[in-house]
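Student: Take a look at this one; I'll ask things after.
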Amino acid sequence: MRDLVDPVDPVVDAAEAAPFEDAGEYRAAVERIRGAAEAYYSGSDLAMDDATYDGLMARVLATEATRPEWKEAGSPTEAVGAGGGVVGDIVHSEPMLSLDNVFGEDELRKWAERLEKILGRPVSGYTVEPKIDGLAIAARYTDGVLTLVATRGDGFAGEDVTAQARRAAGLPARLRQPVTVEVRGEVFMTDDDFVAAQAMRTGNGEPPFAHPRSAAAGTLRAPKRPYDAPLSFLAYSVHGIPEPMAQSAAMAWLAELGTATTAYSLCATVEEVKAAVEAITAARGTLGYGVDGAVVKADQPADRAGAGSSSRAPRWGVAYKFPADTRTTKLLRIEVQVGRTGVITPVAVLEPVQVGGVIVTSATLHNFEDLVRRNVRAGDTVFVRRAGDVIPEVTGAQLDLRPEDSEPFEPPAACPRCGGEIDRSQKRWRCTQGRACGANISLEYYVARTSMDIEGLGDRILQAVVTAGLVTDPADLYDLDVPTLAALERLGDVSATKLVNNIQGSKSRPLSRVLTALGVRMMGRSMSRRLAAHFGTMDALLAASVDELQRVDGVGPERAVTIAAELVELTPLITKLAARGVNMTEPRGAAPAASASALPLQRADGSPMTVVVTGAVPGLTRDEGNEAVERLGGKPSGSVSKKTDLVVVGDGAGSKATKAEQLGIRILPADRFATLLQAHDAGDQDAVADILA
Ligand SMILES: NC(=O)c1ccc[n+]([C@@H]2O[C@H](COP(=O)([O-])OP(=O)(O)OC[C@H]3O[C@@H](n4cnc5c(N)ncnc54)[C@H](O)[C@@H]3O)[C@@H](O)[C@H]2O)c1
Ligand SMILES: [Zn+2]
């Protein structure tokens, strides 16, 4: 996990956040937070993404620290769930609190140090659990029978959601022992159930859910609906027992009672906590449900009692937050792509945005039926979700922000590649030409000079062999013989022989050429060379996991996922080419040029440039801006001095920009910086060099 090995500024740090300069702005922010929290906990449309919410909250906290006289009674900074939870009439046996957040290893350490200071002794062990991205409930059992389920509400009283909660998988109607206890845990929706819930909901003419968590909240709080979206439950604490238990013992007991429980690790030291958080980070995305962090808790009841709680959150536990998996951004346009097999899909082209720690520039819109149902349009502010190693998806649009002149999306009437008819009999539309639809284009690409470099095989001959049905994919080229070609094109034996020799001769090209020739998306010439040099053989490349692909310079998570998916799709063709005798290895010593591995913000000697980001960078929060600097090989800094190498200046930049000018330090406009980041992530060395030239 990057944060742990390489600590950077926390994403949200109240001490770092800029306080509001006038009371009116402060009050407006408080109102926005209240509104957002209300929407968030009620399960209706999200008003903003979590990063924006957390950023706003940090500024409000900073303002309250510097201008305590402005602070309102009942400020959202002091209330459970910012006071946005729907209060019901079920009074909790003991308050259901929020958790304080830490972002990164440094803050985790500080939190643990503070806890030891409060206790005046070392903490006797921690548990680390995944932080399930759902909503908290309290489930009361009487003599082992489920009788009442309530939401967190304002922390003191919540709503009765017994009827809907009974349907949550993992929350048994009867425990295995006839005990009277209160079980608390998270109700959430798995990724698969979310897909099913979206279909049910839009199928009923209702707008889609923005996120699995709002789907879970909306479903749990819903009065009877004509459809029942599936819910799940994982327990993480037990209450109303005579003697408080260690957290680890409580989890074991909950499992014995028959409730589903979150996984946990028992850790003796902060070092071990770190490792456990790292393990959860690594597993995130493979769990099949949303995890927005890790929860670290003092294990022993004595430590918990010693630390106590504030009105909002316990001091004995903390949430280690992960980068958000859902963000909002602008949908620039909707492109229609035709795949190799003729599948036609809509793809969202997005203003770059960081989701789950990755810059995302495009996302799937699934299929046309779905797109029309979701009513997403170019110009919309959309929610983009990235769950682990899957292609990011647009889950929905923020309809209140839709531009007035926006137009509904028109699905294509004909195949955008060949103009042929579209087969709409299935959800996934296809060009009726199937594989033949793209044959000409992929053949031209295959034989091109920068690919397999097959001389003499021009458009005319390619067209002829395709039309004659002799060739549908590049591997078929190797079956062409002299008599066939000579007859077809009246080439004459000499020319036909030469052509066949050229085709056969291409079999010995290095792997990097083969990779280029396949026309893999997000894998141009220089990327093909790097992959070939790194893996050496096609087999090794095909066997590489998404993680292993990312070890190659310039391959970020988005690219790794695309390349892996593309290679799977291309495997039949690759096998066919290998069977024809096409070389699938890279000669040793064909390593890419050294410059390819240097990062853009490194000095000539390889040391990091000192870079100050001031003002807004499009698509990034300030901390993401600093993270981006690190990713590009630089060292982020907060102040401009003679030692600064580069200052990135965006909207709202102030004295730092002026100072940079005075000192004659190089200035890069923020939009250029965003483009640089994109080019770097896309492995486009030329564009990177252009921007920094
Ligand atoms: N986008 C928005 O408009 C918006 C609005 C409000 C809140 N939020 C998000 O919610 C966060 C604040 O939420 P909060 O105050 O509800 O608390 P929280 O999410 O920070 O932490 C407390 C909650 O964590 C949950 N949890 C999950 N797994 C757990 C485990 N293993 N052990 C204990 N608890 C576990 C419980 O529901 C508990 O109530 C903000 O940081 C923000 O990101 C977003
Ligand atoms: Zn077509």
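Think of each number as a place in line: the chain as shown, counted from 1.
Placed from the backbone N, Cα and C atoms, the Cβ positions cover glycine too.
In TrEMBL, annotation is done automatically, which means it is predicted and not curated.
Note that the coordinates shown come from a computational prediction; the quantities given were computed from them, not determined experimentally.
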Student: What does TrEMBL list, out of Arg27, Arg152, Arg166, as binding the same NAD(+) as Asp50, Ala51, Thr52, Tyr53, Asp54, Ser98, Leu99, Glu129, Glu186, Lys297, Lys321?
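Tutor: The candidate from Arg27, Arg152, Arg166 that TrEMBL ties to NAD(+) along with Asp50, Ala51, Thr52, Tyr53, Asp54, Ser98, Leu99, Glu129, Glu186, Lys297, Lys321 is Arg152.
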Student: Name the secondary structure element type, per DSSP in three states, that contains Thr52 (NAD(+) binding site).
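Tutor: It is helical.
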Student: Going by Cα-Cα distance, which of the recorded positions (Lys131, Cys415, Cys418, Cys437) sits nearest to Lys297 (NAD(+) binding site)?
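Tutor: Nearest by Cα distance to Lys297 (NAD(+) binding site): Lys131.
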Student: According to DSSP, how is the domain 'BRCT' (609-667) divided among helix, strand and coil residues?
Tutor: 19 helix, 18 strand, 22 coil
Student: Do you know the mean pLDDT across the domain 'BRCT' (609-667)?
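Tutor: PLDDT averaged over the stretch: 85.
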Student: Which of the three DSSP states, helix, strand or coil, fits Cys437 (Zn(2+) binding site)?
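Tutor: Helix, per DSSP.
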Student: Residues other than Cys415, Cys418, Cys437 within 8 Å, Cβ to Cβ centroid, of the Zn(2+) site?
Tutor: Val338, Gly342, Pro416, Arg417, Gly419, Gly420, Cys431, Thr432, Gln433, Gly438
